[in-house]
Amino acid sequence: MTTEEAAAQYGADSIKVLKGLDAVRKRPGMYIGDTDDGSGLHHMVYEVVDNAIDEALAGHATKVQVILNADGSVTVTDDGRGIPVDMHEGEGVSAAEVIMTQLHAGGKFDQNSYKVSGGLHGVGVSVVNALSDWLELLIHRNGKVHQMRFERGDAVTSLKVTGDSPVRTEGPKAGETLTGTEVTFFPSKDTFAFIEFDRKTLEHRLRELAFLNSGVTIWFKDHRDVEPWEEKLFYEGGIEAFVRHLDKAKTPLLKAPIAVKGVKDKVEIDLALWWNDSYHEQMLCFTNNIPQRDGGTHLSAFRAALTRIITSYAESSGILKKEKVSLGGEDSREGLTCVLSVKVPDPKFSSQTKDKLVSSEVRPAVEGLVSEGLSTWFEEHPNEAKAIVTKIAEAAAAREAARKARELTRRKSALDITSLPGKLADCSERDPAKSEIFIVEGDSAGGSAKQARNRDNQAVLPLRGKILNVERARFDKMLSSDQIGTLITALGAGIGRDDFNPDKVRYHKIVLMTDADVDGAHIRTLLLTFFYRQMPELIERGYIYIAQPPLYKASKGKSSRYLKDDAEMDAFLVDEGVDGAELDLASGERMTGQDLLALVQTCRSAKANIDRLAARAPATAIEQAALSGLLGESPNAAAAATRLDLYAEEGDGPWSGERGDTGFVFSRVRRGVSERVVLDDVLLHAADARRLAERAVKLTEIFSGRAIFRRKDKSTTVRGPLDLVNAVLDAGRKGLTIQRYKGLGEMNPDQLWETTLDAEARTLLQVRVNHADDADDMFSRLMGDLVEPRREFIQENALDAEVDV
């Protein structure tokens, strides 16, 4: 079937209705995922993007654009066929309205419209509509622009033609009339715990889609910041380029990834695999562009074929005989990075989250194609094949050595009744769910922790010095490390693929407690590397935590208080600074106590907005512009200029303001020298400017003129939020002695209990992995053998580093 024929058949009669959106609003988690942790929020974008990608899979689209708008909404555009706009016979309204308002409506139920698809078209976009405060739909089809608006899932305007579609100016269809769909939506605050999109989370998924669909260009833009950001995601190499991207911080054993492509029994397979010199496997599986975290029939088929082909080659080449080892499946996958993508007409998954593929017809197709492709490659590349199999044989030898070491340890443990490490101060509680273990840096801190702990349910394990970097060590070498052996024994869950059992771990809270200096951060990173590489299930189950000892101790007279970080320190200084203070406003009103504290909190939020915008203009100019209403809906340049005069000193001329081509321009003469300030449109449309404008509505009346802040015998002139925050913080510091902690050893047992061990008062950070491939890349870059990726990381993040010297 040609593209033209397919386009002709995709009309109103392609849309099948199966009804109702109320269920979505009542039980959003069933349709979109968790509405509290951000996964459901980002899934809203994925649902719309998946529709655009499905157009690309069907051969009708080449470009997708995702924009995070300054007002918090998202726009997704594609240059596909455009949603059908003709009337739907069964529903009596346009097909576009059916798709957007009926739960089970779409073109994915009709094999003529889409051969394969990631999800059910109408389900996804109608759910997005139901869970949005508003959604605007723009369709280019039949040479016309069609527009429609929805609020809370209901149409508030009918689909109407608003103009003619423009002509394409670039790409393979240049000169033709533009077709495509644009969806802009604002997620509902009533449904989601927060509605701010995370750029990195979206970028990760969009990059995956660009790799999996070579030839499709995805433009990702973020217009929320002062400096607009954009990235073009386009990879001609497809999943071969994906594997290279995943392995960019590792040393490859082959010049290029092995690629296997083919179609068998309507199952399309696209595979790329590449061995490197690391000791860890990285495997990503996709079905119709959807990732399977738990694998499934495609993964088991690939592994079976890989093990069979490699074992066969190792035997026929004589390498097995020479090395005197027997190969296992895990040996073949040591140092392997692989991306496996299958396209299946009607995939079946084990659950609604689609984390595991269970379609039985996929297994023989994948196994057959992989066996055939790998056999051919091994025959055509004998030297590289030999290098791979030699590495695998070495892995098998190391595995055997590690097995013998474990057997010795087991026998020793069986004979030794007190097999727990001598340094471990264990707890009396035997229920793992109630037990905690603190892994402490050094013997001195370990001694304090042992005295401070609650012996009923808190164990302490001090580790001296830096533990082995397991990223650069093979399994047998790792087992020979005393510190790692101590850690493994204390946890009681075993180690290695065959012996590790997370159900046997003796503590369900494993807390890393290191100093707040560079050495402490390094030791914590080494421990995290160990847990991520050797016991990832403990991270997945949420058992690993990082202790947050206080950073500061603030003392005044005989009283003292511990403060965990800079934010808590600032909050404490504000409380101190407001205590006994008063603010006399220009209106004659006086603010004190809770009213003043609430005002200062609002001013701190406004200051945070101003600080982020200050890269483009002076902070005081932004502040006074906001207070004049310049960032709101009715900007007045003259009013903003008048407010700027509050900062004028003797000899300064008055400010004047006007609207220029690219923003507002303010100028004055200061001691004979012309001065000019520009608040450009980029700043005016930034998300922080919008939030600042909302806060300024409340602040404008309070700061109508110069105010006076008084505390004890000192008074300060206040012209806006910036002056007030600085005056309060200065007042709060007066008479305080502030001590900064760097090591746990600096605290005595009582202090350690009060700040870090007491479950009622402490702060713990739970370690979680959102994207395994990103985590894998980060550990490889920072902890691996290659120096260049580490240098690049330092250069990229140097400005964000906070280093205590």
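Here the Cβ of each residue, glycine as well, is placed from N, Cα and C on the backbone.
Features of the protein shown, as given by Swiss-Prot:
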DOMAIN    435-550  domain 'Toprim'
BINDING   E441, D515  Mg(2+) 1 binding site
SITE      K466  site 'Interaction with DNA'
SITE      N469  site 'Interaction with DNA'
BINDING   D515, D517  Mg(2+) 2 binding site
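All features noted in Swiss-Prot, drawn onto the structure.
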| residue | record | Cβ contacts under 8 Å, 6 or more apart |
| --- | --- | --- |
| E441 | Mg(2+) 1 binding site | P462, L463, M513, T514, D515, D519, G520, I523, L744 |
| K466 | site 'Interaction with DNA' | D519, H522, I523, L526 |
| N469 | site 'Interaction with DNA' | L526, T529, M783 |
Give the residue from the binding-site residues D515, D517 that has the most other Cβ atoms within 10 Å of its Cβ, counting over every protein chain displayed.
D515
So what pLDDT does the domain 'Toprim' (435-550) average out to?
88
Helix, strand and coil totals (DSSP H, G, I; E, B; other) for the domain 'Toprim' (435-550)
53 helix, 21 strand, 42 coil
